[in-house]
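*Asks:* Mind having a look at this structure? Questions to follow.
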Amino acid sequence: SYFLLGGIIGLMGKVFQLSGTVLGILIIVVGLVMLILGLQLTEIFPRISNGGLTLPSGIARLLGIKKHHEKEYSHINSMIVGALTFFLPCGFTQAMQLYAMSTGNFWSGALIMGVFALGTTPGLLGVGGLSSVLKGASAKKFFKFAGLLVTILAILNIRNGINLTGWKINLPSNESATGEENQNDSNVTLENGVQVVKMVQLAGGYRPNKFTIKQDIPVKWLIDSQSDSCASSITIPKLKIKKYLQRGENTIEFTPKDLGKLKFSCLMGMYTGEFNVIKNDLPSETTTPDSSNSQPSPTTSNSSNDTASNSADIQEIKTTYISSKKDINPSEFNVKVNKPVRFEVAVKEDAYGCMSSITIPGLTEEIYNLHTDEQIVFEFTPKNKGTYEITCGMGVPRGEIIVA
């Protein structure tokens, strides 16, 4: 039942792709549910302990949870009751449901929830066995200990959700700090007017994960991905950057505009890091020649440059949408300002979720959906120099066009 229901919510994610902010808010809500359940078990606060966190009676009656629970045991009734637990307000289950939904795929969602159900079976059987064996004072201590663990996990969940939203909840002194004590960061070098930041992504997070960079100077963030884990999906919520790292070197480019902390994390908010943006004390000559004309929007890339072919007076650039994992290839192009451009996208397979559409903000207002065997054509004339992102319809970067 969890396998099938997981597939269904995976399909829902194909239509309703969750942004980092929305996912973060939902994780915070799940964390709050877990926190209430944990506090109920600990019995520290009588008012919370006396209250109950359950489905509304109308929904429970509609789903028939109580009716099936009270029936005489049978395999069919057990399966129905087990399936109905999918809808109960359990923080752990809801967290996995969000993860399954974020895949936007039936089979991925089904496998996630199916494996979750199998993986939690031994633990649930153990807890059920202990709760039936332990009586009186021992049972009370056991449930209080379990409540404490759930409370700790809830706090971690809430923290992860806040990381994903990018909300500023630090003390004012932390947010307003300009990092004068860390003017020079050994992990950041200035090359041709660009701040080059080097970082390694491991199975358990990022190393190093704190950097000091300067305001209004372009940043080239080189990430060496050495492991496929949750940490291999990275986001900077404030800049609306979201990227799935491939093994090897990946590049994310942006220009910091605001002083203070610029946080980044994995897409589940568990592994975190930050840039400390300080005042730019360098003379203007050290910045890149075209930085004054560059667009402020962040850009990402992990493929080699593809210069436009200039047939007649039209600059032709071409790419191919390969799959949801590989996206478009090539993803970076160079064209000249004030000359017409024809951008062709060959689609190999259907795309889904947010990434099912493609557009180029700042160069065209056209938005096209990606369908198998279609040939999409954008025609435009760039009027200003700078870097323009190729994005989905929701603004998630997938490539860039550099106008020089």
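Backbone N, Cα and C atoms are what each Cβ position is placed from, and that goes for glycine too.
Got these off TrEMBL a minute ago, pasting:
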DOMAIN    1-155  domain 'Urease accessory protein UreH-like transmembrane'
TRANSMEM  20-39  transmembrane segment
TRANSMEM  76-100  transmembrane segment
TRANSMEM  106-130  transmembrane segment
TRANSMEM  142-162  transmembrane segment
DOMAIN    192-274  domain 'EfeO-type cupredoxin-like'
REGION    281-312  region 'Disordered'
COMPBIAS  286-312  compositional bias 'Low complexity'
DOMAIN    311-403  domain 'EfeO-type cupredoxin-like'
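Map the listed features onto the structure and describe their local environment.
*Replies:* With a threshold of 8 Å between CB atoms, the same-chain residues lying at least 6 positions outside the transmembrane segment (106-130) that come near it are 2-11, 13, 86, 92-93, 96-97, 99-100, 142, 146.
Mean pLDDT, taken over the domain 'EfeO-type cupredoxin-like' (311-403), works out to 87 on the 0 to 100 scale.
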*Asks:* Looking only at the domain 'EfeO-type cupredoxin-like' (311-403), what are its DSSP counts of helix, strand and coil residues?
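*Replies:* With helix first, then strand, then coil, the domain 'EfeO-type cupredoxin-like' (311-403) has 4 helix, 49 strand, 40 coil.
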